[in-house]
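> Got these off Swiss-Prot a minute ago, pasting:
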- 226-256: region 'Disordered' (REGION)
- 517-551: region 'Interaction with USA1' (REGION)
- 1-8: topological domain 'Cytoplasmic' (TOPO_DOM)
- 31-43: topological domain 'Lumenal' (TOPO_DOM)
- 72-84: topological domain 'Cytoplasmic' (TOPO_DOM)
- 127-147: topological domain 'Cytoplasmic' (TOPO_DOM)
- 170-183: topological domain 'Lumenal' (TOPO_DOM)
- 209-271: topological domain 'Cytoplasmic' (TOPO_DOM)
- 293-296: topological domain 'Lumenal' (TOPO_DOM)
- 315-551: topological domain 'Cytoplasmic' (TOPO_DOM)
- 349-400: zinc finger (ZN_FING)
Amino acid sequence: MVPENRRKQLAIFVVVTYLLTFYCVYSATKTSVSFLQVTLKLNEGFNLMVLSIFILLNSTLLWQLLTKLLFGELRLIEHEHIFERLPFTIINTLFMSSLFHERYFFTVAFFGLLLLYLKVFHWILKDRLEALLQSINDSTTMKTLIFSRFSFNLVLLAVVDYQIITRCISSIYTNQKSDIESTSLYLIQVMEFTMLLIDLLNLFLQTCLNFWEFYRSQQSLSNENNHIVHGDPTDENTVESDQSQPVLNDDDDDDDDDRQFTGLEGKFMYEKAIDVFTRFLKTALHLSMLIPFRMPMMLLKDVVWDILALYQSGTSLWKIWRNNKQLDDTLVTVTVEQLQNSANDDNICIICMDELIHSPNQQTWKNKNKKPKRLPCGHILHLSCLKNWMERSQTCPICRLPVFDEKGNVVQTTFTSNSDITTQTTVTDSTGIATDQQGFANEVDLLPTRTTSPDIRIVPTQNIDTLAMRTRSTSTPSPTWYTFPLHKTGDNSVGSSRSAYEFLITNSDEKENGIPVKLTIENHEVNSLHGDGGEQIAKKIVIPDKFIQHI
């Protein structure tokens, strides 16, 4: 909102400008004997300055009125974008206007103001696409999007740009032989307004892409609603409220996956392709105007800028396509067994919040984009979700470790699952009973953890099973696993049911001395209330007291 004092100042300025303009026209008319003499007096000195201010004021008021009619109230972000781009556009327009003779002053001023105002309208319309997408809710339909104010403004601006281009081209053919300099003027205007038309083409393609995504989501929602059926009650005592509960058909979980629409896959890559296409059209237009028609060398900066932007957009599009192909070919597809043995026990994709595997018996995927893929750091995500994430960021969405190296290749994995680390040795305890060490390794699931606190405390009285459960729920899996060789001690007596193993814990670079750790396994006989005897196994890790400190 404009402050009250600013409104008063604007009103005074408008009144003074109109009074001065009326005075200049009246004085020039009273002191002249012909219309030609009136125009000559108005084009010099103080009269010219007043008329210029009058034209700028009225064009600004007209622009404000048209903005109010076409777009309504402008948002704060739209005002910011206008003021960010406006200074450079004004300077560029002034430089282009200085290329022509002063006798074309009013023609250049007219086309300059018209071009400036239409550029502002195009900026606002581009921002309105984002506002339109953000306003979509459950009651929005495709019909309301197509017949919205945004679509009307898009068609209106396209028609205006086309009409201006055709008028300029007709003027070129009319003045081609009589006035060559005016031909260059109209050629530049044709080029500038064609650039605006290409921007509208870009916006139109982006709009079609977003509308298609909305249509797909509506179709997916409709199919999901059609999939819900009402069960027929078979019991006479069934409560009426229970009869109205919808029952889902017991179909294959892959069909449910296909019905769920989580966004248009590769949308970011399609947007990049549209930008590359329109940038190529702009570059070709600048080159076609610069070389054959010998346009001013000031256009060379636009050609260089377009070529650089085209190169950057093309390189970005190629990198996105190459990375998406590597994600599918290089990353490992996780099976049900690997997922069950991994540290990712929640079976949830962190991006779409959907299950990675819906059924324990699922071995294949009808929708290949829903295959769970393991990143080099060990985290598991859907392939489609991973592609959408990698289009904007080259790091893992959970731990932020890089997925691609400096050469653009997938980094070498440092993750090793629990199922890959097994021990085939057989240990005989003090009672003479052989124990399968591999089965023990499956019971004690030691998970690698990462902590963000520099104060790492070792709690010697903590139970191993409780510690493992807490590690799964609160810690993030580390990208590196370390194995420690176990050595059975010989201090176990014959009548004891205790087995002990000693090993050393060291850091990754092994520059410091290791910490001796002892793992003890005790078997206890437990008598239940019914008289049944059982055996309980207690596992405990013992660390000397002198090593219990901040590491």
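From the backbone N, Cα and C atoms, a Cβ is placed for every residue, glycine too.
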> Give me the DSSP three-state residue breakdown of the topological domain 'Lumenal' (31-43), ordered helix, strand, coil.
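In the topological domain 'Lumenal' (31-43), the DSSP-based counts are 8 helix, 0 strand, 5 coil.
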> Counting only residues 6+ away from its ends, which parts of the chain sit with a Cβ under 8 Å from the topological domain 'Lumenal' (31-43)?
24-25, 51
> In the topological domain 'Cytoplasmic' (72-84), how many residues does DSSP put in helix, strand and coil?
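Taking each residue of the topological domain 'Cytoplasmic' (72-84) in turn, the totals are 9 helix, 0 strand, 4 coil.
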> Which residue counts does DSSP give the topological domain 'Cytoplasmic' (127-147) for helix, strand and coil?
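Per-class counts: 13 helix, 0 strand, 8 coil.
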